[in-house]
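Structure record follows, encoded as structure tokens.
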């Protein structure tokens, strides 16, 4: 159990630091869309799609690795709470269109990235 907790902890810490760095570097890029948060959510969605497809095929791997990547890394990297707060801030500023675009980009973009990665990694041949 301690090994599993450590894997989730390490993955989560890595994902959280990466999310913080993306926000720091990319959120100032656009005046209304928090690009760092969007990038973190889309990257995390792609990684979890790829990870789920990969780990479904690589059944011989220790389940700890799946937890490190999916629960840990992706859980730390992606952020529904920050995304939600940023949408609320846009709404409070009267930027309804930007808030709607941010919702669409994060939600539909994440679904598409997960599906794309799952499809791509499911179609790879295992050697």
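Glycine is treated like the rest: Cβ placed from N, Cα and C.
Record features, source Swiss-Prot:
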- 4-24: transmembrane segment (TRANSMEM)
- 35-55: transmembrane segment (TRANSMEM)
- 71-91: transmembrane segment (TRANSMEM)
- 75, 78: Na(+) binding site (BINDING)
- 101-121: transmembrane segment (TRANSMEM)
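Sequence-distant neighbours of residue 75 (Na(+) binding site) (same chain, 6+ residues apart, CB-CB distance under 8 A): 8, 11, 12, 15. Neighbours of residue 78 (Na(+) binding site), defined as other CB atoms within 10 A of its CB across all chains, total 23.
Sequence-distant contacts of the transmembrane segment (101-121), counting only residues of its own chain at least 6 positions beyond either end whose CB sits under 8 Å from a CB of the stretch, comprise 32-34, 37-38, 41-50, 52-54, 78, 83, 86-87, 90. In the three-state DSSP classification, residue 78 (Na(+) binding site) falls within coil.
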